[in-house]
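Colleague: Could you have a look at this structure, given as structure tokens, before my questions?
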Amino acid sequence: MMGPAHSISGAAAWLSVGAVSAGLGHPMPWPTIVVGALICAGAALAPDLDHKAATISRAFGPISRGLCEIIDKLSFATYKKTRKPGDPVRQGGHRTLTHTWLWAVLMGAAASGLALVGGRWAVLVILFVHAVLAVEGLLWRQARVSSDILVWLLGATSAWVLADALDSTESGKAWLFTEPGQHYLWIGVPIVLGSIVHCIGDALTVSGCPVLWPIPIGRRRWYPLGPPKFMRFRAGSKVEVKVLTPVFFVIGGVGAAGALFFG
Ligand SMILES: [Zn+2]
């Protein structure tokens, strides 16, 4: 899928989690709903950091371009090292390491650890990065024609305001993890969720997604999972833009209403 569909599905997934969580007796305060949706929308773009032309690889100028090259090399090396006889020989690392459940969990754990140690300042950095990604993802082509600096400013101001809102609600900092000393630990949850939602989105496209790696399936360790062929579509196709994206909007709306109503 392309940027906008990934971001919107990420936000919708978090809002649905908000509704389910409220139903289970762990309602999210509004800053947790908003901050989580923004982080999840941004995290739903992050796995494409293995692709030069992806939105995310252009989002932070030379920094993200350099990171993209490293991630691509790391992914390719991991693919070559761990492939089984049934996995085809390939040229680059796109849609491998960063498109797996294990990568999602590692990224989430890293973010939670950072937030636990660094507190509000770490959250501010995580929020800034994901806010920029969310803006790039949601506005996509529009953001590309405008200036990067404008998007960074928008990301920085929204990160500042939201981190403040989150910091000032005790329950917002301590959602799900309520023991003393666990503030902001939940920040990793929307990051894991966003990455997984990205993989599911890619699995629906023609090429599939090796989300289960390193668990082997038959003679392959990088089996590109997905639904039966007739249910798949091409990235950026009409189905994605005209059907799936509006469906994600509706799911997000229902989820947000549920999260606020039950809460
Ligand atoms: Zn992808």
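All positions are counted from 1 along the displayed chain.
A Cβ is built for glycine as well, from the same backbone N, Cα and C atoms used for every other residue.
Below are the features listed in TrEMBL for this protein:
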{"type": "TRANSMEM", "residues": "32-49", "note": "transmembrane segment"}
{"type": "TRANSMEM", "residues": "100-117", "note": "transmembrane segment"}
{"type": "TRANSMEM", "residues": "123-140", "note": "transmembrane segment"}
{"type": "TRANSMEM", "residues": "241-262", "note": "transmembrane segment"}
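On this model, are these features tucked inside or out on the surface, and what's nearby?
Modeller: Non-local neighbours of the transmembrane segment (100-117) in the same chain are 43, 46-47, 123, 125-126, 181-189, 191-192, 195-196, 199, 210-214; each lies 6+ residues outside the stretch with a CB under 8 Å from one of its CB atoms.
Counting residues 6+ beyond its ends, the transmembrane segment (241-262) has Cβ neighbours under 8 Å at 1, 4-5, 8-9, 11-12, 14-23, 27-28, 30, 33, 37, 204 in the same chain.
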